Amino acid sequence: MTLWVLGLNHQTAPMELRERASFVGDALPRALDSLRNLPNVNEAALLSTCNRTELYAETTNAQMLLNWLEQHRPGLQNHLYQYRDAAAVRHLFRVATGLDSMVLGESQILGQVKDSWSMARTHGTLGNTLDRLFQHSFSVAKHARTNTRIGTNPVSIASTAVRLAQDAFSPLNESTVLLIGAGETIQLAAKHLSEGRVQRLLIANRTHAKAQMLASQHGGYALPLTELNLHLAEADIIFSATAAPTPIVTQSNVESALHIRKRKPILLFDLAIPRDIETEVGTLTDAYLYTIDDLERAVEENRHSRREAAETAEAIIELQVKRYMDTLQAQAHQAPLRRLRTFGTTTRDELLTRARRQLANGRPAEEVLEQLAHGLTNRLLHPPTAALREAALANNTELVRAAEQLFPEKPGYHHPTLQTTIVKTDETDPAS
């Protein structure tokens, strides 16, 4: 089996394609159920965020994964990257650490990777390989963030958006802010806004209890999502990040809000994929709409300031990739060693039981011991001897050289066991 990663992100695909590629809401568990039924796919996990959609799988057939992706999210082939084995391990480590993020070093992605791992476990698509890989990525991310400055003054898309809002509406203590959603992105935005002492904070969410909890934490007011349009006109700044499959803030609703506000400007941040706010809102006079792709330009300064820390983190990841692959290789070699030991102990126990039975029946001990010795020799060495003969006939020099390393011939010395075995296997039934 081979480890594969297929995906696209903000570097390979524009927002319109990332929107089409995403698995949000019920689409994610349905996709995992579908992957579980694919032949030759042992394990799978899906990571779907506003900036990336990635499929992690252990399979012998990468083309099957491409076909599955084309069936469920058509038209992405020219924007996909593919990583295999060590490259796949390296990619996940970089993603979890924040080195592959739009905001270099942002911490939110680690929580999203953990959510992906948890969802795959819940739906039975995670086995030992991916489980071990994902958990190791958590450790690598923690190590990199602890031992470099990549995590200093944590930055996220949410914090970048709040900083832009502060620049546009300074001070925030004279502004009303409306948050739509209650997920991690909105939670981060609420935290940064409360630190900026926003005058009034409104939180609308489909699950009202979650909105109430978030509002109580940050001194805000909770609204049912069904009343959203009634409060749009109150907001100077709007942040939206839900998992809705279609936009929930429309051009007509914002136009109505601007009319009520007597054309007082509204600043809107759409932090969702798929988008929460209709693109046409950005064409309205006095409505200023920023999307995730717009924020990429704003975070470029952060990327440069963290470059040195990122280089150190990259070195840590390279070391961790090597260690992880070395461990996998060692574990792969353990399997034949375990089979060899099992074969040896099973053969020993079987022939020893037969010998004891013969002794109990009064057969001479010398005769029983001799038969036991010959039986062990034949049983244990017949398979490798037969394999070496076939290798010699097929000119498989690699296997022959391996045998020479296992049984080196010293000057003037012939390995008695090997010599005896070859003679005996010619003359004796190996099952005797």
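Note that Cβ sites are derived from N, Cα and C of the backbone, with glycine treated the same way.
According to Swiss-Prot, the protein carries these features:
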- Cys50: active site, nucleophile (ACT_SITE)
- Thr49, Cys50, Asn51, Arg52, Ser101, Glu106, Ser107, Gln108, Gln112: substrate binding site (BINDING)
- Gly181, Ala182, Gly183, Glu184, Thr185, Ile186: NADP(+) binding site (BINDING)
- 410-432: region 'Disordered' (REGION)
- His91: site 'Important for activity' (SITE)
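Where Swiss-Prot records a feature, it is marked here on the structure.
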| residue | record | Cβ contacts under 8 Å, 6 or more apart |
| --- | --- | --- |
| Thr49 | substrate binding site | Ile109, Gln112, Ile273 |
| Cys50 | active site, nucleophile | Arg18, Ser22, Ile157, Thr185, Ala241, Leu271, Ala272, Ile273, Ile292 |
| Asn51 | substrate binding site | Asn9, His10, Arg18, Ser101, Met102, Ile273, Ile292 |
| His91 | site 'Important for activity' | Val5, Tyr83, Asp100 |
| Gly181 | NADP(+) binding site | Asn205, Ser240, Ala241, Thr242, Ala243, Ala272, Asp276 |
| Glu184 | NADP(+) binding site | Gln108, Gly111, Gln112 |
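Apart from Thr49, Cys50, Asn51, Arg52, Ser101, Glu106, Ser107, Gln108, Gln112, the substrate site neighbourhood in this chain, defined by C-beta within 8 angstroms of the site C-beta centre, holds Gly98, Met102, Val103, Ile109, Ser156, Ile157. Around the Cβ of Ala182 (NADP(+) binding site), the number of neighbouring Cβ atoms within 10 Å comes to 25. Other Cβ atoms within 10 Å of the Cβ of Gln112 (substrate binding site), summed over all protein chains shown, number 19.
Reduced to three states, the DSSP call for Gly183 (NADP(+) binding site) is coil.
Secondary structure from DSSP puts His91 (site 'Important for activity') in a helix. Mapped onto three states, the DSSP output places Gln112 (substrate binding site) in helix. Neighbour density at the Cβ, taken as the number of other Cβ atoms within 10 Å, is lowest among the binding-site residues Ser101, Ser107, Thr185 for Ser107.
Cβ crowding, taken as the number of other Cβ atoms within 10 Å, peaks at Ile186 among the binding-site residues Gly183, Ile186. Binding-site extent for substrate: residues Thr49, Cys50, Asn51, Arg52, Ser101, Glu106, Ser107, Gln108, Gln112, maximum pairwise Cα distance 15 Å (rounded to the nearest whole number). Taking the centre of the Cβ atoms of Gly181, Ala182, Gly183, Glu184, Thr185, Ile186 as the NADP(+) site, the nearby residues of that chain (Cβ within 8 Å, site residues left out) are Leu179, Gln187, Leu188, Ala189, Ala241, Thr242.
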